[in-house]
Amino acid sequence: MSPVRVRQHVNPLAIKYIKPIAPLDWEKIYAQPHQPLHLDIGCARGQFLMSMASLTPEWNFLGLEIREPLVEEAIAITNKLNLTNLHFLFCNVNNSLAPLLKSLLPGTLQRVTIQFPDPWFKNRHAKRRLVQPQLVAELATYLSPGSMVFLQSDIEPLLVEMSDRFVQHPDFICQSQDPLLTPNPLPVQTEREQTTLARGEAVYRAVFTRR
Ligand SMILES: C[S@@+](CC[C@H](N)C(=O)[O-])C[C@H]1O[C@@H](n2cnc3c(N)ncnc32)[C@H](O)[C@@H]1O
């Protein structure tokens, strides 16, 4: 199957992305719905999650992505691979996260990754960025105590901005110091991480835990 071609970026503030997703029945989606859940926000083609789901069948994985053709493609591949601990949803995280998290089985959300999320590095596009204070507050409400949040970016000011929003929330403890020296705690690299590192460029990271 050749990869589906999609627009490079979409504007999350556009009217067509305003409608939040409807709640889902997790018992129908995952073979073991009570397993811990890892949420990957802005998952693109989902290859990171496909590898994670194969490596750790004792976790469930959910990828959220605003470019619908990528989600359709990722679901088709997941079905072919027979991965019953992995699912993808087309949504705009900035208006769908709260209803989605509310619908989860209580206590299951135990890890969140937000990796290279933003093409919006100009200041006039700051409102389009994914990690807004409201998103951090929604994650704080539904993450189980001790859960990990892992952030990565190839643009240092964007990593610092995302990280500061978690630092400013009283429910999160920062577990990392220098963004340039923080290793990736996970066993799989994302596509963007691989291409950035292959070009010899820096990756900036931060790790948080939920109190
Ligand atoms: C640069 S890609 C990185 C993909 C992947 N995480 C990686 O590291 O290879 C960022 C992804 O986040 C998605 N994204 C950006 N804003 C979003 C939003 N508000 N809701 C859902 N997905 C979003 C984009 O469509 C894009 O696929």
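Cβ atoms here come from the backbone N, Cα and C positions, even for glycine.
TrEMBL entries are annotated by machine, without manual review.
Feature annotations, courtesy of TrEMBL:
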- Asp40, Glu65, Asn92, Asp118: S-adenosyl-L-methionine binding site (BINDING)
- Lys122, Asp154: substrate binding site (BINDING)
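Only Glu65, Asn92, of the binding-site residues Asp40, Glu65, Asn92, Lys122, place a Cβ under 6 Å from an atom of ligand 1. For Asn92 (S-adenosyl-L-methionine binding site) paired with Asp154 (substrate binding site), the C-alpha to C-alpha distance reads 22 Å. Neighbours of the S-adenosyl-L-methionine site: apart from Asp40, Glu65, Asn92, Asp118, residues of the same chain with C-beta atoms within 8 angstroms of the site's C-beta centroid are Ile41, Gly42, Cys43, Ala44, Leu64, Ile66, Val93, Pro117, Leu130. Under a cutoff of 8 A between CB atoms, and with a sequence separation of 6+ in the same chain, the neighbours of Asp40 (S-adenosyl-L-methionine binding site) are Gly46, Phe48, Leu49, Phe61, Leu62, Gly63, Leu64, Val112, Thr113, Gln115. In the structure as shown, the Cβ atom of Glu65 (S-adenosyl-L-methionine binding site) sits within 10 Å of 23 other Cβ atoms. Taking the Cβ of Lys122 (substrate binding site) as centre and 10 Å as the limit, one finds 8 other Cβ atoms among all the protein chains shown. Residues Asp40, Glu65, Asn92, Asp118 are recorded as binding S-adenosyl-L-methionine; their most distant pair of Cα atoms lies 14 Å apart. A separation of roughly 10 Å, to the nearest angstrom, links the Cα atoms of Asp118 (S-adenosyl-L-methionine binding site) and Asp154 (substrate binding site).
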